[in-house]
Amino acid sequence: MFSRPNLYGNLTKICGNMRTTALVNPSSVTAAAASSPTPYSNANVRQYHEVVGDIVCPSQVRGIDHIRDPRLNKGLAFTLEERQILGIHGLQPARFKTMEEQLELCKIAVNRYMEPLNKYLYLADLADRNEHLYFRFLYDNIEDLMPIVYTPTVGLACQRFGLIYRRPRGLFITVNDRGHVFDILRNWPEPDVRAICVTDGERILGLGDLGANGMGIPVGKLALYTALAGIKPHQCLPVLIDVGTNSYDLLEDPLYVGLRQKRVIGKEYDDFIDEFMEAVVKRYGQNTLIQFEDFGNQNAFRFLDKFRNTYCTFNDDIQGTAAVAVAGLYASKRITNRNFADSTFVFAGAGEAAIGIASLCVKAMVDEGVDEKTALSKIWMVDIDGLLTTTRKKGTISTHQTKFAKDVEPLDKLEDIVTKYKPNVLIGASAAAGIFTPKILQTMAANNERPIVFALSNPTSKAECTAEQAYQNTDGRVVFSSGSPFPPVTINNKTFTPGQGNNAYIFPGVALGVIATGTHHIPEDMFLISAKELANFVEQSDLDRGSLYPPLKSIHEVSMRIACAITSYAYKEGLASTYPEPECKREWLKEQLYNFNYESSMPVTWAWPRMPYFKTRKDSPLLSSMK
């Protein structure tokens, strides 16, 4: 039997000098191998960037490469035993730190920065060097850090993407790569991709066409997949489809990193997106979740209609935003005692978010027993040219807007529309800052005991009104929600802490349920189910403080409940392809989640039971057979 020193010595012989020599002249490698007295071949060892998946045998990656790989690096948390066997002893100072000690250092470090963009850069650097620490830091401090890794700070990061770009965190696929999209997908080192978030950068938040700078959005979204729902990061792939940009400011910007050309449109663009979708299925399988993000309004609706029944896909701007807004409306029923069908809705904005919310509101009314025609009559929509009507002469109405157009005289001003139709619910998804004027808010308060006002546009600078404006102009009676966070507001000696209607309450849980079950397609019912699950999680104490949503610190539990509901629905409706159906959905999902803590870097060992004694023959079987 080996003693421990001998075992370590043999491991050292087996694992020693195992770093590949990719930068060495191949002929010298061949010569060295031929003259080597040991049978071991360096070709069996991988560099850190070649290791994929969940579990990595320490014999595959050793030395400084183990520290350079963010998936394997534990900083100063490597034990003395690990440092010696992995060949990293001496590459680090003598101090040993637990993950908890490292987390405290991270908190100190990020709080040193006053500017949100600097905090964003610190977190990006942390993700690039220590994956487990990064996601554990997000997980433990989601209330403080989500506004940094996602809205509103991610918008600023996208605007300055050319200045802050450091290293690849996703794939850039340009229109010049037509015919070779599959080849580019093969360049991504992870073969087990389950979820892709893709954008073409045409409509980033409320900032407009940012082209290749929009990569910050899918990177941020997929970081929340892991931090909020525990989806394994190696299963997530951010993609930027670069077909150019129509922003002259970017085209003339010397720091811009994308194609310096006007956007490709028409059949060439559509064929390119088709090739991308087909390449994803060819590379990763039919059940790969493809989340469309921040496409232009017209393309977003077209692609959702085109692909929803042939691919596993959804559009978060349309469906995720709708679910979180409708969840807020479900929660507001406990304040107003008014059903969907008893309300009149006015939407400021008629793009992706507004159409998505309005459509899901119609579905919620139908769910209450109202016919679709009656439900549609409750909704009035306003775009830049005024009220959507069948008779207006200026402006055009898209196919998706047609069902919301009314056969009435046109009105141009939102103020006049609110005055005439007396809505109970006013929802802003216009990216037009300040469009909810004091007069409009006062009118809402005059017509309703508890007016509902949602200012959902992102980032904060694009919000239709601030929380303070909403409360001040309604004498504190407003039921308010926003798309970006606002500070607490004190009115009449009462402090309100408005909730943020963030899509992050919805899409991570939906994604977890879809990925785990191997769902083929994502029907609209899944988003109504998610809205109900989120609303059911809202406590009375949340409503009392002025929030229609639970605290962000509880978002992990919200994601799990949504995932459980999606899982149950997928099996009930025959959409799942993962069998057998688990009895306990929650425990089954938990078994598939990412481990936010450090794992041992040592190879797994186990003991065998002592073999029973058998008396052997004196002669061997070979000798017996020769007699």
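Just so you know, glycine gets a Cβ as well, placed from its N, Cα and C.
Annotated features in TrEMBL:
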- 127-308: domain 'Malic enzyme N-terminal' (DOMAIN)
- TYR150: active site, proton donor (ACT_SITE)
- ARG203, ASN458, ASN502: (S)-malate binding site (BINDING)
- LYS221: active site, proton acceptor (ACT_SITE)
- GLU293, ASP294, ASP317: divalent metal cation binding site (BINDING)
- 318-571: domain 'Malic enzyme NAD-binding' (DOMAIN)
Inset, instruction - Measure from the Cα of ASP294 (divalent metal cation binding site) to the Cα of every one of the recorded positions TYR150, ARG203, LYS221, ASN458, then give the nearest. - result: ARG203
Inset, instruction - Pop the Cα-Cα gap between ARG203 ((S)-malate binding site) and ASP317 (divalent metal cation binding site) into the table, whole Å please. - result: 10
Inset, instruction - Spatially speaking, which of the recorded positions ARG203, LYS221, ASN458 is closest to TYR150 (active site, proton donor)? Use C-alpha to C-alpha, please. - result: LYS221
Inset, instruction - Would you report the average pLDDT that the model assigns to the domain 'Malic enzyme NAD-binding' (318-571)? - result: 95
Inset, instruction - For ASN458 ((S)-malate binding site), list the number of other Cβ atoms lying within 10 Å of its Cβ atom. - result: 26
Inset, instruction - Return the single residue from the recorded positions list (ARG203, LYS221) that has the minimum number of other CB atoms within 10 Å. - result: ARG203
Inset, instruction - Taking Cα atoms as reference points, rank the binding-site residues ARG203, ASN458, ASN502 by distance from the residue listed as 'active site, proton acceptor' and give the first. - result: ASN502
Inset, instruction - Rounded to the nearest Å, what's the C-alpha distance separating GLU293 (divalent metal cation binding site) and ARG203 ((S)-malate binding site)? Just drop the number here, would you? - result: 9
